[in-house]
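Structure, as structure tokens:
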Amino acid sequence: MSSNVYIQRLKRLYLWLALGFVIYIAWKHSSDIGVALDSLQSLSVGLVILCLVFAGVSYSCRSLRWLGYMRLTEQEASINRHIVIYLSGFAFTASPAKAGELMRGTHLDELGVPFRYTFLSFVSERLLDVLVVLLLGTYFLIEHFNLAFSLLSIAMLLLPFIVVPGLNVLLNLALSKPWFEPIKILRDLWRLPVALRSLLYTLLAWTVQGLILFLILRGFGIEITMAMAVSIYCLSLLIGAASLIPSGIGVTEVGMIWLLTQMGVDNDIAIIASLITRMLTLWPAMMIGLACAFVLKKAKTDSFVLPSS
């Protein structure tokens, strides 16, 4: 059976797969959600709304990063359509390494974007995420362990400048090999103007999410700097990612709790802050993803047209 047939089948099931995945994750972690919701009552409505706005800014930055990748190969579809397709993948954001987000490739295929390009764009996204999260996380490591970790920060900043030369070498070695085209796509995705713009969006996205932890801690009366709160948040994401558990759920929270207690934060407050932070950064993304999956389904079945940009 051809890959196109599989893509068409997945596209028809997209909404139901997204809905099923979100319900499963919610059911599996219902106790944590309950605790986080109860704890939200301790915070002001204004603070919670501000945190949700910050989460929205983070999602917007990531959407613009993706749009930059897509515009390198496809210029006909509206910005709105690309953004909705991208955000629909957030329904699967709790999948291991966010791999479920590749489901958006079923809709991008309809726009003439090959799945290979979608996959390599996804890989570039994840690499940038790791690079930036590691960069932001080193602040805690430098402050609490060793100044030598500053070298890691420098290495992360230099990486975008050496990727393309390295890919050019591989390209010259692979002129007649099957991986010539993938290397060429990666080179285009990591060209300096594209890479620096994507790096900026990534830096903004994860910094803003880290500020949600800062706001929640301040809401509980904890004195902590913005830089340290962002660093702790990012470092906990790395701990969660290393566990290979879907979206690091559970492990990320434990890592965040441990890091906060190293800063002298009371254990009970650390637990509550970690649960609320994760709820306000992860669950809105999944709900938005589900809503966008519904919009795509409606656009297909009711001839609903997404507004042009």
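The backbone N, Cα and C atoms fix where each Cβ goes, glycine too.
TrEMBL lists 12-27 (among others) with the feature transmembrane segment.
TrEMBL lists 39-59 (among others) with the feature transmembrane segment. Residues 87, 90, 204-206, 208-209, 211-212, 215-216, 219-220, 272, 275-276, 280-281, 284-285, 288 of the same chain lie 6+ residues outside the transmembrane segment (39-59) yet bring a C-beta within less than 8 angstroms of a C-beta in it.
Residues or ranges marked as transmembrane segment in TrEMBL: 79-97 (among others).
TrEMBL lists 117-142 (among others) with the feature transmembrane segment. Beyond its flanks by at least six residues, the transmembrane segment (117-142) meets 62, 65-66, 69-70, 73, 97-98, 101-102, 104-105, 108-109, 149-150, 152-153, 156-157, 159-160, 182, 185-186, 189-190, 198-199, 202-203, 205-207, 210, 227-228, 230-232, 234-235, 237-238, 241, 259 of its own chain at Cβ-Cβ distances under 8 Å.
Long-range contacts of the transmembrane segment (149-175) within its own chain (CB-CB distance under 8 A, at least 6 residues past either end) are made by residues 131-132, 134-135, 138, 141-142, 183-184, 186-187, 190-192, 195-196, 199. Among the features that TrEMBL reports, transmembrane segment is placed at 149-175 (among others).
What TrEMBL lists as transmembrane segment is 195-217 (among others). A Cβ distance under 8 Å defines the sequence-distant neighbours of the transmembrane segment (195-217), meaning residues of its chain 6+ beyond its ends; these are 43, 47, 50-51, 54-55, 57-59, 61-62, 64-65, 68-69, 124, 128-129, 131-133, 135-136, 160, 163-164, 189, 224, 226, 229-234, 237, 256, 260, 265, 269, 273, 276-277, 280-281.
Marked as transmembrane segment by TrEMBL: 229-249 (among others).
The annotation transmembrane segment is assigned in TrEMBL to 269-296 (among others).
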